[in-house]
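Q: First the structure, then my questions, so here it is.
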Protein chains: 2
Amino acid sequence: MLAEFDLIRRYFMSSQEASTASNGVTLGCGDDATLLMPQAGQQLAVSVDTSVVNVHFPREAPAFAVGHRALAVALSDLAAMGAKSRWCLMALTFDQREFVDDEATHLWLADYARGFHTLCQQHATTLVGGDVTSGALSIGVTVMGEVPVGEALTRSGAQPGDLVAVTGALGGGAGGLALWNKGERELAHPLLRRYLLPEPRLAAGLALRGLATAAMDISDGLMADLAHLREASQVGAVIDVAALPLADELESTLGREAALKAALSGGDDYELLVTLHADDIAKAQQRLASLGLTLTVIGHCCETLGISASDQSDLSSYVNGYAGWQHFSGDTP
Amino acid sequence: MLAEFDLIRRYFMSSQEASTASNGVTLGCGDDATLLMPQAGQQLAVSVDTSVVNVHFPREAPAFAVGHRALAVALSDLAAMGAKSRWCLMALTFDQREFVDDEATHLWLADYARGFHTLCQQHATTLVGGDVTSGALSIGVTVMGEVPVGEALTRSGAQPGDLVAVTGALGGGAGGLALWNKGERELAHPLLRRYLLPEPRLAAGLALRGLATAAMDISDGLMADLAHLREASQVGAVIDVAALPLADELESTLGREAALKAALSGGDDYELLVTLHADDIAKAQQRLASLGLTLTVIGHCCETLGISASDQSDLSSYVNGYAGWQHFSGDTP
């Protein structure tokens, strides 16, 4: 069995060294703590997410995807704040007894580290701390980003009249999970990619600074997360179910109604949910288009607390008085 | 089953609110990320530690101790850097099926949170992020501290001729574990306290700034951790086994030889291991005495890499050419 120190050095430190000096890291991994130099005039945005085997990802998921996904879901929280990602810490717990032999363990770890590091590099994020322990497979990722004082996006700024919009497409996370459960293993499948290799919308978060009145990421599903935003902003929302942007191949795979339900409450999409003044929507869409991303208006905020559907779709009753509301207010819907 | 959001709010947010405004927290828990305002001229010291049930603590350990200990071992890394602790994030994974009923779960969580918060308050540390997931019991704690630029203690500054010293007493962690395994459950027992409720030496770390040439905390055991320090500083060390400060009741509980072995390699002590110029030792001891702590000289650094015992104790051969060295240098001892 590899000692923790060797393991961290072998899989997680070498590829980081090059990027360390250029990213505010005064003293890198290998001491009791890492020393970082924050930039003046910036606030730190910090968040932690744990990914547990068979809860957040299947045990048979490719190791590359496990590493990518654990970091992606944490970075998604920085995206939702409009923060620039800078540093992360990773606590990996895994049980060597789960692996057939040492060769398999090494292959898994190398592939896992490659998934984690590749996403680090894509988002100029330096791994500055790690811990490796023995136990059921689980990954805790702490992310640290920076945002100029006063410019962070929060959940609480939405006003009645603001438009509600989402980046990219919805339902892919749930659609991909459904496919995985049916035995699909081809990572090139667009839905499986959405589920196992989600892309944190960091560039979109930065682009929406100064435009979005509120923002959060969609991890639990649009309806549940919109309930958090409505609660924090003390507004209601009217959603146009027919306007929901559906992930590629979602409708052809699941059928129309299941596809819409996946988009409404499936979760694991890691798109951004934002509110904006109607005047700003064209500018926001332009900025995101330059990043190759869409921003789709799916409704608007209103004064009457709660949520309802604006159209007469079959799912109107599914949306109207969504039970999530009750959970937070204690009121009947 | 409690929703994650409710659970975090119920057990972990309420008691934090009072301390939030005064500790650089611009936006507290409840959004996608927390916003912090670091102080100008300070470096951030960050570290993560995971505590896994039946690996780092017994399943039957009191919940208060589980919460205290998970934070304590993480804070100990900040102490070793001479950093002032400011913030922490906690990722709690626990399996509700492990608990007999809902009442037991609530009691456990409340007691766990009390242990965690009490130590937070003792060290002016604000919980600024959390995640609660379902799975085998495990706690990941990320700690964030601050230290003036250039003043951090590291592992790499020891020079031949420096004295080697430790705070407090050694062997209590291993002694407490041995007692626990024999059925002792009385937390007032000094050894059990050392094992289950270790005190991170944050005040000592601050007091040793400007005096210690190198520092680290003793988590894996004196010999193993001294090997890390020797490797980082490229020095050897000569240890006086007879000078090791033993934890209260350790010798009477385990006998002389087992007590010394516990002090040399038992681990879980979370004392600080430091090196200092001989001229500075009296001043350092004075500063620590004012904190109610001892600082005991246990040896000195030398040019010849490796480790040896200076005395003729029965354990000299146990120390001489400690195998840990081989592990890091690839050389034969």
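Glycine too: its Cβ is placed from the backbone N, Cα and C atoms.
Below are the features I grabbed from TrEMBL:
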DOMAIN    B:30-147  domain 'PurM-like N-terminal'
BINDING   B:Asp32, B:Ser47, B:Asp77  Mg(2+) 4 binding site
BINDING   B:Asp32, B:Asp77, B:Asp217  Mg(2+) 3 binding site
BINDING   B:Asp49, B:Asp77  Mg(2+) 2 binding site
BINDING   B:Asp49, B:Asp131  Mg(2+) 1 binding site
BINDING   B:His56, B:Asp268, B:Trp325  substrate binding site
BINDING   B:Gly130, B:Asp131, B:Arg155, B:Ser219  ATP binding site
DOMAIN    B:159-303  domain 'PurM-like C-terminal'
BINDING   B:Asp220  Mg(2+) 5 binding site
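Situate these features within the shown structure.
A: Around the Cβ of B:Asp77 (Mg(2+) 4 binding site), a 10 Å sphere holds 30 further Cβ atoms from the protein chains shown.
If you take the C-beta of B:Asp32 (Mg(2+) 4 binding site) and look for same-chain residues 6 or more apart in sequence within under 8 angstroms, you find none.
For B:Asp131 (Mg(2+) 1 binding site), the count of additional Cβ atoms within 10 Å of its Cβ stands at 22 [all protein chains shown].
A C-beta separation below 8 Å, combined with a sequence spacing of at least six in one chain, links B:His56 (substrate binding site) to B:Thr50, B:Arg69, B:Val73.
Long-range C-beta contacts of B:Ser219 (ATP binding site), restricted to its own chain and to partners at least six residues apart, with a cutoff below 8 Å, comprise B:Val73, B:Ser76, B:Asp225, B:Gly267, B:Asp268, B:Asp269, B:Tyr270.
According to its DSSP assignment, B:Asp220 (Mg(2+) 5 binding site) is coil. The Cβ of B:Asp220 (Mg(2+) 5 binding site) lies under 8 Å from the Cβ of B:Gly267, each of these being in the same chain and 6 or more residues away along the sequence.
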Q: Could you tell me which of the binding-site residues B:Asp32, B:Ser47, B:Ser219, B:Asp220 sit with their CB under 8 A from some CB of chain A, listed in sequence order (or 'none')?
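A: Qualifying residues, whose Cβ lies under 8 Å from chain A: B:Asp32, B:Ser47.
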Q: For a quick check of packing: other C-beta atoms within 10 Å of the C-beta of B:Asp268 (substrate binding site), how many?
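A: I get 24 for this one.
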Q: Quick check for the class: what is the C-alpha distance, in angstrom and rounded, between B:Arg155 (ATP binding site) and B:Asp217 (Mg(2+) 3 binding site)?
A: 10
Q: Could you pull the average pLDDT for the domain 'PurM-like C-terminal' (B:159-303)?
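A: On average, pLDDT over the domain 'PurM-like C-terminal' (B:159-303) sits at 96.
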Q: Between B:Asp131 (Mg(2+) 1 binding site) and B:Asp217 (Mg(2+) 3 binding site), how far is it from one CA atom to the other, in Å?
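A: So the Cα of B:Asp217 (Mg(2+) 3 binding site) lies 27 Å away from that of B:Asp131 (Mg(2+) 1 binding site).
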Q: Go ahead and report the DSSP secondary structure tallies for the domain 'PurM-like N-terminal' (B:30-147): helix first, then strand, then coil.
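A: Each residue of the domain 'PurM-like N-terminal' (B:30-147) counted once, the result is 43 helix, 45 strand, 30 coil.
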Q: Write out the long-range same-chain contacts of B:Asp217 (Mg(2+) 3 binding site), meaning residues 6 or more apart in sequence whose Cβ is under 8 Å from its Cβ.
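A: Counting only residues 6 or more apart in sequence, the Cβ neighbours of B:Asp217 (Mg(2+) 3 binding site) under 8 Å are B:Ser76, B:Asp77, B:Ala79, B:Ala80, B:Arg201, B:Asp225, B:Tyr270, B:Glu271, B:Leu272, B:Leu273.
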Q: Could you round the CA separation between B:Ser47 (Mg(2+) 4 binding site) and B:Gly130 (ATP binding site) to a whole angstrom and send it over?
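A: Just about 15 Å between their Cα atoms.
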Q: Given a 10 Å Cβ-Cβ cut-off, pick out the one of the binding-site residues B:Ser47, B:Asp49, B:Gly130 that has the most other Cβ atoms nearby.
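A: Answer by Cβ density within 10 Å: B:Ser47.
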